[in-house]
Amino acid sequence: MLFVGICRLLSGTVSVSRAFPRHTVIRRSMASDSATRFDFLVIGGGSGGLAGARRAAELGAATAVIESHKLGGTCVMWNAAVHAEYLHDHADYGFEAGHAHFSWETLKAKRDAYISRLNHIYRSNLDKAKIETIQGLARFTDDPEPTVEVNGRKYTAPHILIATGGRPSVLSDNEVPGASLGITSDGFFELESLPRRSVIVGAGYIAVEMAGILSTLGSKTSLIMRQNGVLRNFDNLISTNCTKELQNSGIDLWKNSQVKSVRKTDTGLEVTIVTKDPEKKNEEEKLSTIQEVDCLFWAIGRVPNTSGLNLSESGVDTDERGHIIVDEFQNTSRQGVYAVGDVCGKALLTPVAIAAGRKLAHRLFEGKKDSKVDYSNIPTVVFSHPPIGTVGLTEEEAVKTRGKESVKTYKTSFTPMYHAITTRKTECIMKLVCVGKEEKVVGLHMQGVGCDEMLQGFAVAINMGATKADFDKTIAIHPTSSEEFVTMR
């Protein structure tokens, strides 16, 4: 998949019964004499919303999902880039073959068909669970009981879950002249052909993944970032190494830079860039241009899909960026209204949204009062080239929360065996962050071939409270990259 997709703090215990009628009923409601009433109403048909809806239905709740677009969604383009990388190495392993031609058109057609099948599967699963699907935009009303209006009709429930997700941030032409000539990650999937020349603006995981895919598949790629490295919220070792790997792969990095303007010409887009090194205060800004750009991608962050929900009228509080404020049980400031996923702005990962939706359903409809997601050790993979795996605290976070004297790190770097005989090389770097006399492992970070698949098992160990001694007494599997974690000194 291309993006690892997306996911996410008032307190109050809700008392509910264990069993609910499985059929939808229309009856008199505090909200409206004509409102259709459910036990559980979900706004948003993404991963978190669907997971919560299906689990609630399994537990006996009459459930409906409101969706304005398509159900679910994912992508398989990252896998294509990985296979393209392996093709670069085939001669080093003794394979003689002609030049392999990549067809973006073929990949896009197959990807679109796959997504279409997924949407049908999601719809079928809802039908099998007897979950009603309501097509349209939901808007909260000022009724005393949580109620929404869709296409002029009211729907109410004692429990309403907001799972509307997020969308890419965009700049206006007033902020950056010509900004609208670019596209976001959403538009990436609508491209009919592979851009010959691509410019990506951003330094987060989406920008990094897009840059890796486009460059590997043959697009001449530039990455523009405001600071001097990518993934600034990750452990410093990861940020530094990933920046180096991007540059080594042939991606043109514009550090300490921003887009000043974009102009359309006969040969493509002309992107004007302003660069200013913050370390050199007496140095003037430098203006540069990138010519003949086929596609400009904005990957400058995401914003929550809350603008049309009329949340202020419903008593649901949001922060300054529009994210819904929830507590550890996903409760909002309005009793009976909850939120999960990107719309909360915390841990923007698909599996987190799924877990939060299911945990909420168990709390509301099975009486598990303590059912909630533990956000402390969430494993995260960035599908960069090579991929990144990380779980737990960064070294910087550990020092800040536990004190420098309590923190000890173990690091290693090496060339993976896969690259032992290849002309193309990538490095593998690994770090353990340990705290206290017992050296409890509170953070694990790595980048290299196979790190995406490697992380899940180590995440279990971190969640179980493994110590450095536990790692040390584990017999290594040779020859693998993962053995480095149990042989570090």
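Backbone N, Cα and C atoms are what each Cβ position is placed from, and that goes for glycine too.
Sequence annotations record features per position, and here TrEMBL assigns active site, proton acceptor to His478. What TrEMBL lists as NAD(+) binding site is Gly202, Ala203, Gly204, Tyr205, Ile206, Ala207, Val208, Glu209, Gly301. Taken from TrEMBL, the feature FAD binding site covers Asp342. Per TrEMBL, the feature domain 'FAD/NAD(P)-binding' maps to 39-357. According to TrEMBL, the domain 'Pyridine nucleotide-disulphide oxidoreductase dimerisation' annotation covers 378-488.
The structure, with features from TrEMBL marked on it.
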| residue | record | Cβ contacts under 8 Å, 6 or more apart |
| --- | --- | --- |
| Gly202 | NAD(+) binding site | Leu223, Ile224, Met225, Phe297, Trp298, Ala299, Ile300, Gly301 |
| Gly204 | NAD(+) binding site | Val230, Leu231, Ala299, Gly301 |
| Val208 | NAD(+) binding site | Leu223, Val230, Leu231, Cys242, Leu246, Val382, Ser384 |
| His478 | active site, proton acceptor | none |
Averaging the per-residue pLDDT over the domain 'FAD/NAD(P)-binding' (39-357), what integer do you get?
93
Can you tell me how many other Cβ atoms are located within 10 Å of the Cβ belonging to the residue listed as 'FAD binding site'?
31
Ile206 (NAD(+) binding site) CB neighbourhood, other CB atoms within 10 A:
26
How many angstrom lie between the most widely spaced Cα atoms of the NAD(+) binders Gly202, Ala203, Gly204, Tyr205, Ile206, Ala207, Val208, Glu209, Gly301?
13
Excluding Gly202, Ala203, Gly204, Tyr205, Ile206, Ala207, Val208, Glu209, Gly301, please set out which residues of the same chain place their CB within 8 Å of the center of the CB atoms of the NAD(+) site, keeping sequence order.
Met210, Val230, Leu231, Ala299
Just give the helix, strand and coil counts over the domain 'Pyridine nucleotide-disulphide oxidoreductase dimerisation' (378-488), going by DSSP.
39 helix, 33 strand, 39 coil
Please report the number of other Cβ atoms within 10 Å of the Cβ of Gly301 (NAD(+) binding site).
14
How long is the line from the C-alpha of the residue listed as 'FAD binding site' to the C-alpha of Ile206 (NAD(+) binding site), rounded to the nearest angstrom?
14
Tell me whether Gly204 (NAD(+) binding site) sits in a helix, a strand or coil according to DSSP.
coil
